[in-house]
Every structure is written in C-alpha cells, then in structure tokens.
Amino acid sequence: MDYVFSLLGPMAQGAQVTLKLFFITLILAVPLGLALALARISRFQVLNWLVNGFIWLMRGTPLMLQLLFIYFALPYVPVIGVRLDDFPAAVVAFTLNYAAYFAEIFRAGIQSIDRGQYEGAKVLGMNYVQTMRRIVLPQMVQRILPPMSNETITLIKDTALIYVLALNEVLRVARGFVQRDFTSTPFIVAAVFYLTMTLLLTWIFQRLEKHYAKYDN
C-alpha cells in the first residue's frame, strides 16, 4: 500500500499535464469547430470547399501522425518552417484534430433545427446572429451533448498519445515506474486516474443534458 501512495505524487503531476492539454484543447477547439461548422454550411462555395478539405484531412489521418508531423516535420515544410516545442505542438495537433470533429457535430446539430424556426425568427425581425444566438444554438446544444460527451471523453484518453513527444503525462509516468520496479501496479493506478477523469466528465454531461432538456418541451 505504501508503494501505491508513493506513486500518487508523480502520477498527479502527470495528470496536471494531461488536464492542461485537455482544457486548452477544449477552449480552442470548441469555438474553432463552431466557426468551421458555420463556414461548412455557408453559401460561399470556395469557403465551403476549403473547410470540407480541412475536415476531411483531419478526420482521415491518425492523430498520432498529425502529432508527429507538427512536431518533427513542420520545420521542414517550405514557407512555414516553424519549429514548435513539445507541448505547443501537442496543443496545435489536438486543437486542429478535435476542431474538425466538433465542426461535424455542430453542423449536424445546426442542420437538425427545423427550417420553419428560421422563417419564424425572420418574421420577428431577427437577423442571422440573433437567430443563431436565441433560437438555434440553445436547441443545438441540447441535441449535440451526447456526441460531444463521447468526443470529450475520447479527448481525455487521447492525451496519452503525447507520450511519443516525451511529455510526462499519466501514462508515461506509469511506464517509467513499471520499467524501474518491474510491477504492473503503476498501470493500474494510471487506469484509476483515467477512470476518475472520465467518470467526472460523464457526470458533468449528464447534468448538462438534464439542464437543456427543457428545450424539448
């Protein structure tokens, strides 16, 4: 038992890296995803094509590949040639990847709103921004919560991929102890950390679903 307690401090430090990446990704990817979704359904054909291409690229290639490309290969890309440190590279890769997935969730949510509600808002004198803010988005949020919950839980687990950039997140810390002490206990402790985080996220989204259920009435 003393051995388990000795793991908690280093594991908690690893969890800080995990949660830092998780929250920064959410803060950046959610608004970017919403902007991409609005561009995706816009009447500007060129913008639509560009966004479609970006989403196809991000969803069609592994996040691991995107991580490695941004960290190792981006400095050699002509014109760009930017070298990022390990954590900023992870933030960029995760933000772009999850923004693409969030964009499709937002797009589906927006397009699920009956067109008659747009017409009704127009009759009431609302412009596009007012219609989105007062009519569409509140209903959209309630409808997209289940898929957003799934993606958000996937995000917390995907943070383990930054292991390849030698960042000391939960899994890398656990593996270090396993290799040093020849025991599987650190992996079990790491699993408890991940399960605790996903359980908390599940509870939060369940509360949100109950809150927004009033829009079904």
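From the backbone N, Cα and C atoms, a Cβ is placed for every residue, glycine too.
Caution: TrEMBL annotation is automatic and unverified by curators.
Per TrEMBL, these features apply:
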{"type": "DOMAIN", "residues": "15-205", "note": "domain 'ABC transmembrane type-1'"}
{"type": "TRANSMEM", "residues": "20-41", "note": "transmembrane segment"}
{"type": "TRANSMEM", "residues": "53-74", "note": "transmembrane segment"}
{"type": "TRANSMEM", "residues": "187-205", "note": "transmembrane segment"}
Remote residues contacting the transmembrane segment (53-74) - C-beta distance under 8 A, at least 6 residues beyond either end:
36, 40, 80-84, 86, 89-90, 92-94, 96-97, 99-101, 103-104, 158, 161-162, 164-165
Do any residues of this chain, six or more beyond the ends of the transmembrane segment (20-41), have a C-beta under 8 angstroms from a C-beta of it, and if so which?
47-48, 50-52, 54-55, 87, 90-91, 94-95, 98-107, 110-111, 152, 155-156, 159, 162, 169
